[in-house]
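Here is what TrEMBL says about this protein:
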type: BINDING; residues: Asn289, Tyr290, Arg291, Lys308; note: ATP binding site
type: DISULFID; residues: Cys114-Cys165; note: disulfide bond
type: DISULFID; residues: Cys125-Cys148; note: disulfide bond
type: DISULFID; residues: Cys131-Cys159; note: disulfide bond
type: DISULFID; residues: Cys216-Cys226; note: disulfide bond
type: DISULFID; residues: Cys260-Cys269; note: disulfide bond
type: CARBOHYD; residues: Asn183; note: N-linked glycosylation site
type: TRANSMEM; residues: 32-50; note: transmembrane segment
Amino acid sequence: MGVKDFLKEYFLGFWDYETPKVMVVRNRKLGVIYRGVQFLVITYFIWYVFISQKAYQDIETRPESSIYTMMRGVALQGDNVLDMVEYVHPSEGGDVISTILRREVTHDQKQGTCAEDYRVFKANCTKDSDCVAGEINLDGNGQQTGRCVQYYNHTFKTCEIQSWCPIEAFAAVREPPLAEAVNFSIYIKNTIHFPKFEVLRGNTRPGRKVKYMPRCHYNEETHRYCPVFRLGYIAEQIREKFSELCRTGGVIGVFINWKCNFDVDPLACVPTYSFRRLDTRKSLHSGYNYRFAKYYSKNGEEYRTLIKAFGIRLDIIVHGHAGKFNIVPTIINAVTAMTSVGICSIICDWIMLTFIDKNGIYSERKFDNSSDEPVEHIIVTDLTLTSYGSTHSDLSDGVPL
């Protein structure tokens, strides 16, 4: 068949009309498969799509949210009493807040010259020519002066630098961790707005004004509207030892999850809380620490106290998901469900025409082409009866008289 005949046949076939043919196949195995697939499809749409996923609702997943945090607690550091002004940063609160659990303090630093840390690359020397004046090592503590000097009270030498002296690596004093911090409490106030449904919710009890930090702790059963958490409780939730967090610090995510169904009373929408450590564990750069300094003057010279702080940083992350009945997604998903039931017939037709015995007979019965069927012509014959003699017939014996 040439290309011309093929195109002609395709063009003429394009205008054919196809209609499904109903054929009853009395096969028990095929019937069980057909009803089983139907049951699975219908169950999927009823239980998972409509009941579990609530496909009949209009959904909003990008709400507007605000967070306010505040920490409370008092600790003793030797003879000094530390309050939240000393160990909480930033003091105004927000979606990120940190608390100091351990400090390494370098006292009485001032601008001058001193020996570089011996662990810095190319810092060790034996003579002045080993040091390059004006060179700055990005891993070091200052600018080299070109002199090779004794490393403080040790016998070896390192290159001299101009910096804040004495350097932290030599003069830092490690303070003991704040053991009382396990009982520090953090108050997390969250307000969330779903603009599509015009609903505003908060994680504190509605109608009650909270002037200061509530005197309670969160409990899912008894204090659902009290978003106050002990640091010890948070450490337990992430399965970490609090003593280890005091040593290395850590970054912890506090997840506030709002999953609301506004087909019922919006007041029934209460958040749930979960906690997860966000920094990598047991690696070279695990933990959380930062440095800051306190400056002061003494005898007309500027000094500073350098503090390397190890602590817990809390990142508050809010997720919101709300739904409410809407006729449009209901119709769309209902039509999709009814259309998907047709998959059952396609699967069973494929099994019938491929695997079942006598599939050739089923194929002939399944697909008909009316243009190939012979047309039966009915011939009508006129019968004329002519009687001779009497017009009366007796059919009792079946013989004409």
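Yeah, the Cβs are placed from backbone N, Cα and C, and that goes for glycine too.
The structure, with features from TrEMBL marked on it.
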residue : record                      : Cβ contacts under 8 Å, 6 or more apart
Cys125  : disulfide bond              : Cys131, Cys148, Lys157, Thr158, Cys159
Asn183  : N-linked glycosylation site : Gly73, Arg230, Leu231, Gly232
Cys216  : disulfide bond              : His223, Cys226, Val228
Asn289  : ATP binding site            : Gly249, Lys308, Ala309, Phe310, Gly311
Tyr290  : ATP binding site            : Lys308, Ala309
Arg291  : ATP binding site            : Leu306, Ile307, Lys308, Ala309
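Tertiary proximity for the transmembrane segment (32-50) is limited to same-chain residues at least six positions away from its ends with a CB under 8 Å from its CB atoms, namely 56, 333, 336-337, 340-341, 343-345, 347-348, 351.
On a Cα basis, Cys269 (disulfide bond) lies 62 Å away from Cys114 (disulfide bond).
It is 58 Å from the Cα atom of Cys260 (disulfide bond) to that of Cys165 (disulfide bond).
A Cβ within 8 Å of the Cβ centre of Asn289, Tyr290, Arg291, Lys308, the residues given for ATP, is found for these other residues of the same chain: Glu104, Phe292, Ile307, Ala309, Phe310.
Most other Cβ atoms within 10 A: among the disulfide-bonded residues Cys114, Cys226, Cys269, that distinction falls to Cys114.
The distance from the Cα of Cys165 (disulfide bond) to the Cα of Cys269 (disulfide bond) comes to 57 Å. The Cβ of Cys165 has fewer other Cβ atoms within 10 Å than any other of the disulfide-bonded residues Cys165, Cys260. It is Cys148, among the disulfide-bonded residues Cys131, Cys148, Cys159, whose Cβ has the fewest other Cβ atoms within 10 Å in the structure shown. Just so you know, the Cβ of Lys308 (ATP binding site) picks up 16 other Cβ atoms within 10 Å once every protein chain is counted.
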